[in-house]
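Pulled from Swiss-Prot:
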- Gly44, Ala45, Ser46, Gly47, Ser48, Gly49, Lys50, Ser51: ATP binding site (BINDING)
- 8-228: domain 'ABC transporter' (DOMAIN)
Amino acid sequence: MNNSTPVLQAKKLVKAYEEGDNELEVLRGVELTVNKGDILAIIGASGSGKSTLLNLLGGLDHATRGSVAIAGTSVASLNDRETGRLRNRYLGFVYQFHHLLPEFTALENVAMPLLIRGDKPSDCQARSAEILERVGLGPRLKHKPSALSGGERQRVAIARALVTEPALVMADEPTGNLDERTAAQVQALMIELNEKLGTAFMIVTHDREFAARCPQQYELHDGLLRRL
């Protein structure tokens, strides 16, 4: 992928479900382009289809109509295995709940994507320690999730998303399960990482104040995505 190729591009994206003889369109012709280093927020009411959109853009679900391209490659042209490889190469994911494996340390959780990819264990540990240090958890490498605070667990999840050096991190309500103070810290961290690493961030959030801190803001309403 060269610098002029969008990290992610959606064109005329439609997601519809059958309801008897009718078709219910949850997304209606969504258009979106994400370039290298962008940081954008997507807001919308509960049930507006934000998570559905994120799943389509991340290659985790199939659109009814329209197209999604990751790093210039159309997802529709790939089988599931090829889509997985493309997704793992270019995208990282953060969710409202951290989904850390409780029996493993912070370092081991972050290293997991690299080990699955087949990297050398020594390289995995070094890279994971480096990214945990960057998110402010250097002294907590050997702690298991049960010994970490909610904010620290979410920092580990962010580090895990970043460890493969993705072009884009897709975050679905990443601070929705945190108290106000901790949420503000995690929000500031993502903005800082975007600025320092050049990693693009797409953040789905109900927090309009957080969204306002992102240079690009979109609202999903009635199946349509519009820039604010």
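Positions of Cβ are set from backbone N, Cα and C atoms, glycine also.
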**OP:** Would you list, in sequence order, the residues of this chain other than Gly44, Ala45, Ser46, Gly47, Ser48, Gly49, Lys50, Ser51 that have their CB within 8 A of the centroid of the site's CB atoms, where the site is the one recorded for ATP?
**Re:** Thr52, Leu220
**OP:** Would you count the other CB atoms within 10 A of the CB of Ser51 (ATP binding site), including those on all shown protein chains?
**Re:** 17
Original post:
What's the most sparsely packed of the binding-site residues Gly44, Gly47, Gly49, counting other C-beta atoms within 10 A?
Top reply: Gly47
Subject >> For Lys50 (ATP binding site), the number of other Cβ atoms found within 10 Å of its own Cβ >> reply: 22
**OP:** Quick one: among the binding-site residues Ser46, Ser48, which has the most Cβ atoms sitting within 10 Å of its own Cβ?
**Re:** Ser48
Subject >> pLDDT averaged over every residue in the domain 'ABC transporter' (8-228) >> reply: 90
Original post:
What are the non-local neighbours of Ala45 (ATP binding site), defined as same-chain residues 6+ apart in sequence with CB under 8 A from its CB?
Top reply: His221
